[in-house]
Amino acid sequence: MTGPTGAAVDGVARLGRVHLLGIGGVGMSGIARLLRGRGVEVSGTDAAPSPTLDRLRELGIRTRVGHDPAHLGDLGAGDTLVVSSAVRATNPELLAARERGVRVLHRSEALAALMAGRAGVAVAGTHGKTTTSSMLAVALTAAGLDPSYAIGGELTGGDDGGARDGSGPFVAEADESDGSFRAYAPVVDVVTNVEPDHLDHYGTAEAFAAAFEEFVDRLQPGGLLVACADDPGSAALAGHARGRGVRVRTYGASATADVRLRDLQPGAAASAVLVDGGVPRELRLAVPGEHNVLNAAAAYCAAVELGADPVAVLEGLARFGGARRRFELKGEAAGVRVVDDYAHHPTEVEALLRAARPVAGGGRVVVVFQPHLVSRTRAFAAEFGRALALADEVVVLDVYVAREDPDPEVTGALVADAVPLPAGRVRFLPDRSAAAGTLAATVRAGDLLLTVGAGDVTTVGPEVLNLLAER
């Protein structure tokens with residue numbers, strides 16, 4: 001896999017022509033859109049055709065399927081190849097680019113170049129990055145600040161691919177999974193939480209926490225850290241920042257929070273009273289869950305720091321309709337609602353299921369969960385089991401291995417066996433289509449069906465809806 005190169009480029013003018021490997025992914029396609037919007041000649045390749053590639057072509061971006069050195073065209077010295085950590089060092093286009101003297105940048109370094117010269121905001125944390133980044137983009141827009149943003153997910157109802165280039169602050173979702181979030185030098189850091197993950201990369205929880213300290217140390221002079229007072233890891237990071245003389249603003253239900261949440265109602269449309277500087281303000285959302293109230297408070301703090309009017313920010317947050325694959329309603333058939341969510345860490349799964357309960361009302365919460373990564377499944381099988389026990393019925397698929405190699409001893413059965421529910425309420429069904437058939441035959445009117453995970457479990461919901469519509 002290809003990690004950050006350590007290269008630094010001040011702005012996009014020096015990038016030359018840019019070719020992106022894996023351009024169909026949401027992060028890479030967003031960078032392609034932003035670069036094209038700034039007049040850069042952009043091309044890219046991906047492993048398979050997709051609607052994303054079609055949309056990029058409509059913007060004048062040359063895209064091709066498959067990885068072949070010929071797809072580089074006459075790219076040479078002075079031009080740039082952008083890669084992600086998912087790109088293997090043996091990729092033929094990468095090898096050819098290096099031979100030609102093409103500059104190679106990691107995705108995060110390209111994003112840092114786009115952020116250069118703007119009031120940058122980097123949103124990081126083990127959970128909630130995409131939703132918080134999306135909320136912040138919506139809030140800044142509502143306040144008239146015309147933000148740029150690059151988010152690891154699309155806003156519900158939007159068609160911008162999670163990326164937009166405005167004239168105001170630049171909001172970037174900062175991915176900690178490979179350590180590349182240390183490439184940014186923003187004026188505001190938002191850290192929603194710090195809970196060990198990606199130990200395949202970091203090795204230890206201590207190394208994971210240290211990476212967040214390095215991330216905060218990259219803040220520009222006079223910059224601000226927005227941190228969650230309710231999360232121990234984030235609170236510890238706030239202490240580190242204060243020790244380095246960094247300004248800190250905390251949020252949460254904790255009595256120590258600078259922006260405090262009271263009377264929190266985590267129902268289908270969550271709400272709270274947000275107290276800022278002794279002034280109580282009503283925070284109302286159209287999305288469920290305590291975790292989303294916290295995400296909204298983080299977005300509020302960052303937006304106000306950037307000069308947004310607090311009232312306009314809260315009005316924008318009230319209109320936030322969610323991000324794709326974040327409690328996204330996929331449809332309803334035979335009285336069964338299907339919601340899709342990207343949750344892939346035990347804490348995320350627990351927060352999701354707690355948020356789902358009031359939405360389900362008197363109906364059952366049925367979840368089909370796909371573990372993501374062999375390393376994460378091995379490390380957190382027991383924790384996943386405890387979180388999934390909050391559902392009424394559980395189906396576990398096999399592991400989506402993604403960038404890792406399969407391990408016959410690490411399957412979805414590890415998670416299914418760890419769910420402390422009666423055997424009849426937990427099933428291990430490795431195949432997605434078989435799981436969809438079983439679910440369509442067993443769900444009933446009033447149920448809320450959740451498809452959960454960071455892999456291709458998202459295809460199960462539409463398949464179940466089609467089967468329900470036929471019966």
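Glycine residues also receive a Cβ, built from the backbone N, Cα and C atoms like all the rest.
Here Swiss-Prot flags GLY125, THR126, HIS127, GLY128, LYS129, THR130, THR131 as ATP binding site, drawing on sequence analysis.
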**Request:** Give the sequence-ordered set of same-chain residues, not counting GLY125, THR126, HIS127, GLY128, LYS129, THR130, THR131, with Cβ within 8 Å of the centre of the Cβ atoms defining the ATP site.
**Result:** VAL123, THR132, THR192, ASN193, ASN295, GLU348
**Asked** Which entry in the list of binding-site residues, HIS127, LYS129, has its Cβ near the fewest other Cβ atoms, using 10 Å as the limit?
**Response** HIS127
**Prompt:** Over all shown protein chains, what is the count of other CB atoms within 10 A of the CB belonging to THR130 (ATP binding site)?
**Reply:** 23
**Item:** Site with most surrounding Cβ atoms, counting all protein chains shown within 10 Å, from the binding-site residues THR126, THR131
**Value:** THR131
**Asked** Using a Cβ-Cβ cut-off under 8 angstroms and a sequence gap of six or more, which residues of the chain neighbour GLY128 (ATP binding site)?
**Response** THR192, ASN193, HIS291, LEU294, ASN295, ALA298
**Request:** State the count of C-beta atoms found within 10 angstroms of the C-beta of GLY125 (ATP binding site), not counting that atom itself.
**Result:** 25
**Message:** On the three-state reduction of DSSP, what should I expect for THR126 (ATP binding site)?
**Reply:** coil
**Item:** Conformational class of THR131 (ATP binding site) under the three-state DSSP mapping
**Value:** helix
